[in-house]
Amino acid sequence: MITMKDIIEEGHPTLRSVAEPVEFPLSDELRKTALEMHEFLVNSQNEEIAEKYDLRPGVGLAAPQINVNKQIFAVHIMEYDEEGNEVGPILSEIIFNPKVISHSVQQVALKEGEGCLSVNREVKGYVPRPKRVKFTYQDIDGNEHTLKLRDYEAIVTQHELDHLKGIFFYDHINEENPFAQDDNLELL
Ligand SMILES: O=CN(O)C[C@@H](CC1CCCC1)C(=O)N1NCCC[C@H]1C(=O)Nc1ccccn1
Ligand code: NI
């Protein structure tokens, strides 16, 4: 299983490189790695397992973060009710060879900013990203899909898409004024 020691940190060259496309059918090894990436996210959001294996809860994980320079990322975004009980998956998928088709001019950013499991420090500031994004990808069996996402799901997905291009979230933060706002930016 993947644990925090498998996640490489900023400074490692893989995190600043462009990931390779994935060939289908997947090798058994790459299939296993992709499933383990998704399993890591599920485990990291499970209190007992996260506690037992000292996992930082995550909603997304890109293959370069475990030093696999392939165009793969997993996302696991769950809906919770007010008591914090899981209601169901909002988006839970393993994405291969994603291609952005279009995105909105309108931008969104998380009020609390972003973090990254590969960045062990806080970097304050808004990370402006397109509010809506449409992209195609292949699933673990190589089938093509098209997905249109908005708001939080779009932010998570674009954070992962950036990792496949060697981009960190803080590359998008306005250096002069990290909390700069304009009427094209909606804070979530
Ligand atoms: O590339 C992928 N990463 O670096 C893991 C990141 C991805 C998200 C950061 C902002 C958008 C995507 C991640 O998940 N986090 N960033 C660092 C610590 C917190 C953690 C997080 O937001 N956890 C979370 C949130 C809601 C529910 C459960 N867990
Ligand atoms: Ni990250």
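Note: Cβ is positioned from N, Cα and C throughout, glycine not excepted.
From a predicted model like this one, the values you see are computed outputs, not experimental measurements.
Sequence annotations record features per position, and here TrEMBL assigns Fe cation binding site to Cys116, His159, His163. Same-chain residues at least 6 positions away in sequence with a Cβ under 8 Å from that of His163 (Fe cation binding site) are, in sequence order, Leu15, Ala19, Ala62, Pro64, Gln65, Phe73, Ser118.
Sequence annotations record features per position, and here TrEMBL assigns active site to Glu160. Following the DSSP three-state reduction, the secondary structure of Glu160 (active site) is helix. Glu160 (active site) has a Cβ environment of 22 other Cβ atoms inside 10 Å.
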Assigned conformation of Cys116 (Fe cation binding site) - DSSP reduced to three states: strand
Close in space, distant in sequence - Cys116 (Fe cation binding site), Cβ under 8 Å, 6 or more apart: Glu10, His159, Phe168, Phe169
CB-centroid shell, 8 A cutoff, Fe cation site Cys116, His159, His163, site residues removed: Gly60, Ala62, Gln65, Glu114, Leu117, Ser118, Glu160, Asp162, Ile167, Phe168, Phe169
